[in-house]
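Look at TrEMBL and you will find 20-38, 84-103, 115-137, 143-171, 183-202, 208-229, 284-305, 325-342, 354-380, 400-422, 434-458 tagged as transmembrane segment. According to TrEMBL, the domain 'Major facilitator superfamily (MFS) profile' annotation covers 28-459.
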């Protein structure tokens, strides 16, 4: 009896080389940004360990301490103003991230994305580990931790414009909403993994809650250096081939080898665009403002939800961290749903509006709220950014995508910085007031979209 071709081999060979390249790039960039978010999450988990209700903690017999309230806290977070100090740490990262994002896209257009991403992930890993080493070096200086947060915030800006530019270069506009909705689940997957990894170590040695994620993102930086192909081109036989970053259109990669001969199909416009030119693209300003309020809500949950659960529900730090992942599970579902709906209806703006309206009364339901808030957030930062970055007014300039993405996400990051700051200021007056603030921001996000684009502009 003659053996037939193995089913697995038939499955593998049924996909074209183009499909394998696209799938490989999608998987790589998914892993890269999962690592970025994984390394951001530990601070929200560790907060409840840095300041605890020590009267409920069993004190070691050989520890001679008279203060039963703060003996187990980590100075300087053992003071009554600990929430303000946590706000300083959050905003050290987020303000640096918001400012740096506007410049990151400019660098991303002018530098090879493979080098840019690799450098960013290695440096993010370094600063994440340095934060955790403060535990082992017994550092109690707020300035030290704030400085680490600032530097980490700047390094983290290398990620988003670069990965969106890579995916936008490899995937067309037809089903971009669904593809990027699935792909953008890396944000929530990273948050979930970051919470679970940090939760393993938080009660025993919280420094490892940072060191392990730091080593993970540094490892993905090495992976990026060896394997990322940042852009595609079409060869003479119609096959999709990888293209190396070059200042000249003449340098192309054909069948794995570098060719300096000009090819038949080349980009018409590859010069980097200016910041003002990117702002003039229809929809960039409006979607940027919408994302500002959406990220305000999302990042308030990201940085304060575990502490809220710990304080209100009286869970221990690990349980609070595990419970907070429900918001991110909803975010995965919401991102995919938003992508599917926007592809089917052809209206990115309308999809955002409907989901934001529905999110306002849902802020007390973690899973549902995570889907409705992160759905528009995911859609704007991925499919919308990619659509605008390849707008017809750019006349085929693929290098503009990084700058457009940086402008939109940079504006959104201002909201990401404001949310945790306002939460830190408002929470002493009562957690209910924090949720009122989140509801207001969610409504404003919808109003921005509704009054400017919903009825006049559809991507």
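Just so you know, glycine gets a Cβ as well, placed from its N, Cα and C.
Of the two recorded stretches, the transmembrane segment (208-229) does not lie close to the transmembrane segment (284-305), with fewer than three CB pairs under 8 Å once pairs fewer than 6 apart in sequence are set aside. Contact between the transmembrane segment (325-342) and the transmembrane segment (143-171) is not supported: fewer than 3 Cβ pairs lie under 8 Å, counting only residues 6 or more apart in sequence. In this chain, the transmembrane segment (20-38) lies close to the transmembrane segment (183-202): three or more C-beta pairs between them fall below 8 angstroms, excluding pairs fewer than 6 positions apart. Residues 40, 43, 47, 50-51, 76-77, 142, 145-147, 149-154, 156-157, 160-161, 275, 299, 303, 307, 406-407, 409-410, 413-414, 416-417, 420-421, 423-425 of the same chain lie 6+ residues outside the transmembrane segment (84-103) yet bring a C-beta within less than 8 angstroms of a C-beta in it.
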